[in-house]
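Over in Swiss-Prot, the protein carries these features:
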type: SIGNAL; residues: 1-21; note: signal peptide
type: BINDING; residues: HIS107, ARG213, LYS218, HIS219, GLY247, HIS313; note: substrate binding site
type: ACT_SITE; residues: ASP215; note: active site, nucleophile
type: ACT_SITE; residues: GLU242; note: active site, proton donor
type: SITE; residues: ASP314; note: site 'Transition state stabilizer'
Amino acid sequence: MKNTAGILAIAGMLIAPLAHADVILHAFNWKYSEVTAKADLIKGAGYKQVLISPPLKSSGNEWWARYQPQDLRLVDSPLGNKQDLEQLIAAMQARGIAVYADVVLNHMANESWKRNDLNYPGTELLGQYAANPDYYSRQRLFGDLGQNLLSASDFHPEGCITDWSDPGHVQYWRLCGGAGDKGLPDLDPNNWVVSQQQAYLKALKGMGIKGFRVDAVKHMSDYQINAVFTPEIKQGMHVFGEVITTGGAGSTDYERFLKPYLDNSGQGAYDFPLFASLRGALGYGGSMNQLADPGAYGQALPGNRAVTFAITHDIPTNDGFRYQILNQTDEKLAYAYLLGRDGGSPLVYSDHGETQDKDGLRWQDYYLRSDLKGMIRFHNAVQGQPMQLIGSGDCFVLFKRGKQGLVGVNKCDYEQEYWLDTAKFELNWYRNYKDVLDQSAVINVQSQWVRVAMPARRPPLAAE
């Protein structure tokens with residue numbers, strides 16, 4: 001079979017997507033009205049969930065300002081208000097797409113540059129609410145907007161994290177930016193704080209939100225996570241957090257942070273162990289054998305807990321994590337592997353050039369790339385089909401999804417050939433398997449042995 005880029009994605013018989021097809025579009029820092037306007041494009045590309053930026057009260061045009069809450073009791077930010085969010089949810093529901101919300105529960109906005117107290121939202125915003133009561137009452141999710149939500153007694157003492165290897169330190173003190181920055185006021189999970197955060201989550205759930213990405217969950221104690229996320233709130237919801245680690249089982253940060261979170265919360269998480277496996281396998285000197293079965297060695301999360309990814313918003317936007325950015329071809333190979341394999345909910349990151357000064361517009365409208373849409377079609381077509389490893393080596397990994405699909409990822413600069421024994425690895429005979437990235441490339445099984453050619457630095461994904 002001839003093909004062109006390290007990916008072979010061959011699918012036989014384009015079967016109807018199953019109801020639980022689950023690719024998530026991370027519409028990072030998109031205005032809510034933009035998500036609504038692009039609803040048909042999102043549906044047409046095959047996404048089943050959309051993750052939106054935090055729906056709360058925040059100010060400032062920078063992306064990071066969305067992660068500095070001023071008030072949880074209403075939705076009003078440069079990205080949109082409650083009416084915009086309602087329209088977004090309605091548009092997605094009409095197209096069978098679930099909406100997930102990024103939620104910030106660890107801290108509040110750092111406003112030490114303009115005031116000395118810890119009353120939130122504070123005198124300035126309370127004055128704005130009072131001056132325009134009709135508007136702000138329409139943005140309200142819960143609570144009394146005539147008084148503050150939080151006071152100094154609802155926060156841990158002032159102080160910055162200095163020991164990033166100590167969970168107690170990381171979960172008690174503040175995230176700070178250095179150079180005298182006082183940091184993000186860290187919430188104390190007292191009864192009042194917990195009750196207000198529960199009210200916030202219940203209000204979003206009542207609006208039709210179907211999942212929560214818990215921001216900065218690494219900085220929240222097990223007690224706080226389990227106190228806030230009651231069985232009632234979690235019922236029918238996809239809840240997952242981002243705990244950045246450098247690897248899986250055996251790595252210090254996994255054992256101290258991610259493993260306890262998984263063991264004690266019952267929630268899902270970004271699959272940083274698998275991401276580390278991808279980076280290692282695709283990197284110089286790495287072997288694709290690492291991707292044959294990483295979960296068997298604790299280097300991938302269980303599929304029912306994992307949100308898999310090739311990049312998250314924290315990686316390009318934080319200097320300390322930028323070393324994890326894959327080169328553009330490797331990122332494409334990573335997506336092919338993630339969207340071809342069984343296990344986890346793949347997340348696709350798409351922004352508006354928030355790191356344009358360093359990366360150009362690399363991820364702007366990424367969600368609409370034609371090759372990515374082909375991979376998503378493959379993912380949806382083979383969803384629920386069992387995964388079976390066929391072979392792997394330093395350059396490639398090759399596996400099948402039932403009899404419907406075949407995935408090969410070749411990281412090397414030259415073609416990889418594999419003779420597939422169809423008596424051992426059953427495929428449908430006399431049916432065309434077409435590469436979803438190159439429709440002219442076809443495999444038709446007519447004998448026991450079939451030659452599979454995995455082109456250089458390109459992932460072929462073939463479906464019947």
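Cβ atoms here come from the backbone N, Cα and C positions, even for glycine.
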Practice problem: Fewest other Cβ atoms within 10 Å: which of the recorded positions ASP215, ASP314 wins that one? Let me know. | Solution: ASP314
Exercise. Could you say whether, by DSSP, ARG213 (substrate binding site) belongs to a helix, a strand or a coil region?
Key: strand
Quiz item: Pick from HIS107, ARG213, HIS313: which of these binding-site residues has the biggest number of other Cβ atoms within 10 Å of its Cβ?
Solution: ARG213
Self-check item: Euclidean distance between Cα atoms of the residue listed as 'active site, proton donor' and the residue listed as 'active site, nucleophile', Å
Solution: 6
Quiz item: For the substrate site made of HIS107, ARG213, LYS218, HIS219, GLY247, HIS313, how many Å separate the two farthest Cα atoms?
Solution: 26
Exercise. For HIS219 (substrate binding site), just count the other CB atoms lying within 10 A of its CB, please.
Key: 23
Quiz item: In sequence order, which same-chain residues at least six apart have a C-beta under 8 angstroms from GLU242 (active site, proton donor)?
Solution: ARG213, VAL214, ASP215, ALA216, VAL217, LYS218, ALA269, TYR270, THR312, ASP314
Quiz item: Sequence gap of 6 or more, C-beta under 8 Å: which same-chain residues meet both conditions with respect to GLY247 (substrate binding site)?
Solution: ASP253, TYR254, PHE272, PRO273, ALA276, GLN299
Self-check item: Around the Cβ of LYS218 (substrate binding site), the count of other Cβ atoms that are within 10 Å
Solution: 22
